[in-house]
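Asks: First, the structure itself, so that you have it in front of you.
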Amino acid sequence: ELVSCVGWTTADELYSCSDDHQIMKWNLLTSETTQVVKLPDDIYPIDLHWFPRSVGGKKQSYAESFVLTSSDGKFHLISKSGRLEKSVEAHCGAVLAGRWNYEGTALVTVGEDGQVKIWSKSGMLRSTLAQQGTPVYSVAWGPDSEKVLYTSGKQLIIKPLQPNAKVLQWKGHDGLILKIDWNSVNDLILSAGEDCKYKVWDSYGRILYSSQPHEYPITSVAWAMDGELFAVGSFHTLRLCDKTGWSYALEKPNTGSIFNIAWSIDGTQLAGACGNGHVIFAHVVEQRWEWKNFEITLIKRRTMEVRNVINDAVDLLEFRDRVIKASLNYGHLVVSTSLQCYVFSTKNWNTPIIFDLKEGTVSLILQAERHFLLIDGGGLYLYSYEGRLISSPKFPGMRTDVLNAQTVSLSNDTLAIKDQADGKVIYILEALSGKLLGDGRPLTHKTEIVEIALDQKGLTSERKIVFIDKNRDLHITSVKRFGKEQKIVKIGTMVHTLAWNDTSNILCGIQDTRFTVWYYPNTVYVDKDLLPKTLYEKDASEFSKNPQIVHFVGNQITIRRADGSLIHLNISPYPAILHEYVSSSKWEDAVRLCRFVKDQTMWACLAAMAVANKDMATAEIAYASIGEIDKVQFINFIKDLPSKESRMAHILLFSGNTQEAETLLLQTGLTYQAIQVNINLYNWDRALDLAVKHKTHVDTVLAYRQKFLEDFSKKETNKRFLQYAEGVSIPWN
């Protein structure tokens with residue numbers, strides 16, 4: 001009889017139910033199949049979902065019980081051993097799907113009667129969320145377990161649990177929608193329909209991908225846990241796809257229709273429930289990693305092939321257990337298997353450092369130059385490349401299962417993590433201690449943040465973070481969380497994807513229809529008007545819709561197009577050399593390089609770098625070369641100032657930091673200069689405040705004010721100025 005549903009208990013054990021009323025258990029390690037229980041003849045199973053493994057922060061190594069929905073209008077809570085704990089009358093007609101939320105505190109069921117019901121853990125009815133005239137074929141919880149997505153004919157509906165909250169509804173397919181899935185890590189939605197298409201949506205109902213029509217209706221879709229891959233099942237068809245929609249592989253097994261797909265917990269394999277009574281197992285192999293001249297492929301579940309493209313040398317890496325995750329960057333390959341972590345240096349493939357893992361299933365590996373971060377269901381662990389545990393970062397409201405490469409970023413000294421509960425907040429942690437940086441206040445933005453990235457080079461005190469918010473605006477700010485905070489500055493609009501360079505602080509991104517490189521993003525804190533001159537832009541229409549930047553190594557950028565093909569772009573190597581000269585204070589070499597290259601962009605970068613490092617002589621040459629004469633004049637004026645403090649203050653003024661400049665002048669007793677600065681900026685009230693407070697130069701302020709008014713033939717209207725003007729006679733001589 002046909003198999004209707006499948007579900008994994010551990011990474012190697014699967015339960016399946018079929019119309020012959022049997023629940024079977026499959027052990028993949030021993031290849032044994034045993035019958036767990038034979039259900040009563042009137043129960044035809046339709047859907048199965050295991051109770052979540054991590055509840056209340058405590059993680060069990062395997063699931064203990066599952067919910068089984070059946071055609072007689074009931075759902076059944078069944079223990080792992082096959083004991084029927086409870087049967088609950090739920091719907092009129094078949095219960096078509098049942099799903100636990102991520103915390104295991106609630107169960108949602110949907111039925112042929114068009115109802116969506118929420119139940120407690122023990123099977124008590126909490127609420128009827130929705131009622132409609134057509135059967136609801138599939139249901140999924142939102143990532144925060146606050147919303148439910150369900151089907152209604154050709155429509156998709158997202159309904160929050162809160163009463164009176166806004167319901168989102170849109171037309172998804174031209175035929176009946178048969179299956180949906182919503183991933184908790186990437187927040188994307190999959191739908192499959194009788195119109196023979198599968199589609200990827202974001203959680204606002206915007207379409208990101210729509211497949212070509214297949215020959216037969218799509219009967220199942222399922223996300224892998226980490227949200228990087230999904231699988232699609234149809235008649236005699238199993239397809240593996242990337243989260244952006246394009247297809248990695250297509251298999252044509254002899255299965256009938258695949259009605260249900262379940263991914264194993266570690267995301268390395270999946271099982272399908274087939275219409276001809278088979279259960280199909282598939283393993284994901286041939287993932288590829290590239291870095292500089294190395295190309296690594298997972299050729300079998302426990303074997304990697306390393307190819308050095310320079311001399312065509314090939315090494316085979318054998319592992320004891322199957323490979324779950326891997327990452328190749330900064331001259332190291334980090335591989336996690338189900339029990340261990342291996343760290344290889346690209347200089348020597350024969351002697352990896354191996355250490356045991358606490359939890360097992362690693363969901364994400366992030367690398368920086370000096371260390372790497374492992375994330376699993378239990379926490380975050382920072383290791384050195386020698387395999388030593390450096391720290392286990394902790395932050396408020398920590399949920400590690402929903403972190404991905406867009407919401408976590410690592411550099412040599414800092415770790416940034418987007419808060420899952422409040423999408424506007426980024427936690428900044430010190431990498432080596434794992435504690436929140438500075439005074440522990442997180443970084444907060446006005447709108448929800450989508451993607452974050454830390455720069456990789458330079459001093460800790462100058463570490464910058466960029467992030468894209470949900471309006472697709474790109475912002476930059478400093479991670480320093482104490483003393484005077486730097487403002488959050490917008491440096492790009494409609495940015496879809498971004499990456500920092502691995503060896504210098506150069507940022508690249510695709511904004512709207514242009515591929516953009518910010519050669520020196522720090523310019524916004526030095527001389528904001530200069531930023532457009534430090535950019536490199538080129539038309540991005542060749543990358544088609546929704547391209548993703550994969551790597552930015554050296555001066556090569558790798559971009560993956562929406563159809564899955566890779567494009568390599570080279571940018572000028574000179575800005576990186578300029579960064580190197582400046583970081584080692586070789587100003588003369590930097591000027592020489594710019595004279596050799598003869599490029600306005602380079603001069604603009606040098607001008608900003610010189611001002612940032614307070615090297616005014618170089619700044620003067622660079623500004624002169626890009627024709628900014630007013631700035632050259634101001635720099636000359638600064639050079640002639642008598643004291644070091646006033647020079648410093650005027651450099652701050654140059655970068656637009658008026659408040660800091662004034663504070664510096666007042667601290668060093670240069671009250672008159674502080675007043676004069678405010679007069680020059682027409683901050684009349686502040687100038688008068690300072691004069692009155694320090695009981696000096698009140699007449700000067702009034703005189704300048706009077707002259708200013710006379711020049712524009714205006715009358716004095718400011719009460720404070722009128723009040724002080726009464727007692728002071730001002731001779732202009």
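For all residues, glycine too, the Cβ spot is worked out from N, Cα and C.
Annotations in TrEMBL come from automatic prediction, not curation.
The annotation domain 'IFT80 second beta-propeller' is assigned in TrEMBL to 286-574. The annotation domain 'IFT80/172/WDR35 TPR' is assigned in TrEMBL to 602-733. Here TrEMBL flags 88-120, 170-202 as repeat 'WD'.
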Asks: Who are the chain neighbours of the repeat 'WD' (88-120) in space, where the CB to CB distance is under 8 Å and they lie at least 6 residues beyond its ends?
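Replies: Non-local partners: 46-47, 49-52, 55-56, 67-77, 126-141, 143, 145, 148, 150, 159, 161, 184, 401.
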Asks: So what pLDDT does the repeat 'WD' (170-202) average out to?
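Replies: For the repeat 'WD' (170-202), the model's average pLDDT rounds to 96.
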Asks: Within the repeat 'WD' (170-202), how many residues are helix, strand or coil going by DSSP?
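Replies: Summed by class, the stretch gives 0 helix, 19 strand, 14 coil.
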